[in-house]
Amino acid sequence: MRTAYSVDTVRTAERALMARLPEGALMQRAAAGLAVVCAELLGRVYGSRVVLLVGSGDNGGDALYAGARLARRGAGVVAVLLDAERAHRAGLAAFRAAGGRVAGSGEAVFDGADLVVDGIVGIGGRGGLRERAVPLARAAAQSPAVVVSVDLPSGIDADTGQVTGEAVRADVTVTFGAYKPGLLVDPGREYAGAVRFVDIGLEPADGEAELEALQHHDVARLLPVPTEESDKYRRGVVGVVAGSARYPGAAVLAVAGALHGGAGAVRYVGPAAGAVVSRFPETLVSEGSPGKAGRVQAWVAGPGLGDDASRLADVVAADVPVLIDADGLRLADARAVRGRAAPTLLTPHAGEAAALLGTPREYVEAERLAAVRELAARYHATVLLKGSTTLVAGPDGGAVRVNPTGTPWLATAGSGDVLSGLAGSLLAAGLGVLDAGSVAAYLHGLAARRVSGGAPVAAQDVAGALPGAWADVRREA
Ligand SMILES: NC(=O)C1=CN([C@@H]2O[C@H](COP(=O)(O)OP(=O)(O)OC[C@H]3O[C@@H](n4cnc5c(N)ncnc54)[C@H](OP(=O)(O)O)[C@@H]3O)[C@@H](O)[C@H]2O)[C@@H](O)CC1
Ligand SMILES: [K+]
């Protein structure tokens with residue numbers, strides 16, 4: 001599991017570690033790790049040209065010490081100090097002693113640069129970049145040099161990933177001691193580029209993580225795998241209430257996802273039974289009410305449902321786990337959802353989340369982490385917020401899961417239907433609701449990447465690639 005910690009937690013861990021180490025040792029560890037990554041990116045350090053953007057905090061100190069290491073290896077390193085009076089004193093002295101040079105005012109430092117090190121501001125930053133730093137961030141973005149951010153891209157909020165105003169766009173971010181939430185959640189994640197972690201011995205307290213990202217081995221451990229004694233009912237039956245005369249395809253795609261989620265059988269209830277069976281003859285279908293459809297261990301309700309509120313209400317009243325998606329989110333009675341005893345999983349995209357919260361869509365997009373938490377608390381439900389970085393939050397606080405496998409190609413019609421069927425099937429197979437949501441997002445993203453290879457994908461191809469994604473996860477774990 002990859003975990004990310006809030007600035008407060010990082011600061012507390014930092015104080016505890018500093019108390020046990022000689023002064024400056026932590027910054028030396030950080031700078032050494034940063035210099036190693038810079039050297040790797042440069043390929044040949046000797047004769048290369050490096051620009052440091054140096055703010056007046058310790059973030060700038062890291063940049064100066066790393067710059068000193070590169071200068072000692074023969075790089076030409078020039079530092080742009082945002083505030084010459086307040087630059088990290090010892091770092092600047094070390095930098096100068098190693099042959100580093102401070103840029104003159106108005107000097108065209110970016111011309112011919114191979115690498116730009118962004119040490120403007122790290123976890124001590126508040127708000128977007130200050131005015132003086134903005135032209136530097138722009139020039140870095142326009143130069144062909146590789147941009148490496150120190151700890152965080154300057155200007156992104158470490159705790160939320162929010163970007164208010166301008167921020168540095170990094171190719172690589174070298175982060176120290178712990179991932180920060182803003183590196184894993186959009187829009188910050190997108191500014192960070194590839195994130196490299198440097199272990200400086202920081203040990204944030206157990207149970208304090210803000211975010212968790214499953215990795216292959218976590219998912220492999222959670223996947224439901226049948227035993228010798230399993231039969232289809234023991235493996236779980238998932239019920240799907242989706243599709244309408246107008247949107248029969250949503251039912252087909254939700255069933256396609258459900259057939260690949262590990263449940264032993266899929267029961268479809270609704271008006272698209274004909275379309276479902278002709279595509280997937282293994283589905284058990286009926287047209288009546290969900291309550292009369294026979295045993296299920298979890299329901300999926302909503303994709304392409306149109307205005308069929310009565311079938312939805314039937315499902316919401318069931319005492320098994322229920323996933324509500326798409327039209328279901330619009331139709332569901334909020335009080336009934338909140339009053340459910342069995343687990344509920346809501347799977348909105350940003351627009352649907354905004355409607356449920358009564359806020360503008362822009363709020364959800366800018367503050368995904370706060371929005372998903374708020375929604376989960378308000379509905380007493382687990383919420384999977386789909387989008388550029390899919391997040392899954394439980395109703396009782398605790399770490400939010402962030403999906404690391406997403407791809408922008410998944411923003412395609414019907415892909416959410418596949419996801420809802422898949423997650424519902426995992427619920428029916430017995431996964432906890434947070435696990436079902438995050439494992440489904442993980443497999444769904446992986447499947448999309450497998451079929452896409454950089455080209456557009458159709459939702460049914462994503463469903464078709466799910467068995468391959470399972471196999472990848474189990475093989476590589
Ligand atoms: N944690 C750890 O274990 C370790 C931490 N380490 C490093 O320390 C970093 C944290 O250092 P830090 O606390 O000195 O704060 P930092 O990020 O340099 O920012 C403060 C400066 O930025 C300024 N400023 C503020 N907002 C701004 C904005 N929007 N735009 C522009 N400027 C802005 C602010 O100005 P002021 O408000 O003072 O005028 C002040 O000058 C951390 O990220 C990591 O790199 C490692 O060395 C070792 C282990
Ligand atoms: K930075």
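Positions of Cβ are set from backbone N, Cα and C atoms, glycine also.
Unlike curated records, TrEMBL annotations are generated automatically.
Per TrEMBL, AMP is bound by K386, G387, S388, T389, T390; the candidate from G358, G416, G421, G424 named for the same site is G416.
The K(+) site recorded in TrEMBL includes N59, D118, and the single candidate from S48, S105, S143, S154 that the record places there is S154. The distance from the Cα of K386 (AMP binding site) to the Cα of H349 ((6S)-NADPHX binding site) comes to 5 Å.
Checking the binding-site residues D58, D118, K386, S388, T389, T390 for a CB within less than 6 Å of any atom of ligand 1 leaves D58, listed in sequence order. Excluding N59, D118, S154 themselves, the residues of that chain whose CB lies within 8 A of the CB mean position for the K(+) site are, in sequence, L53, G55, G60, A63, G119, I120, V121, G122, G125, S149, V150, D151, L152, P153, V168. Taking the Cβ of K386 (AMP binding site) as centre and 10 Å as the limit, one finds 25 other Cβ atoms among all the protein chains shown. A straight line from the CA of I123 ((6S)-NADPHX binding site) to the CA of N59 (K(+) binding site) spans 8 Å.
Considering only the binding-site residues D58, G61, D118, T390 (AMP binding site) has D118 as its nearest partner by CA-CA distance. Sequence-distant neighbours of G387 (AMP binding site) (same chain, 6+ residues apart, CB-CB distance under 8 A): D186, H349, A350, E365, R368.
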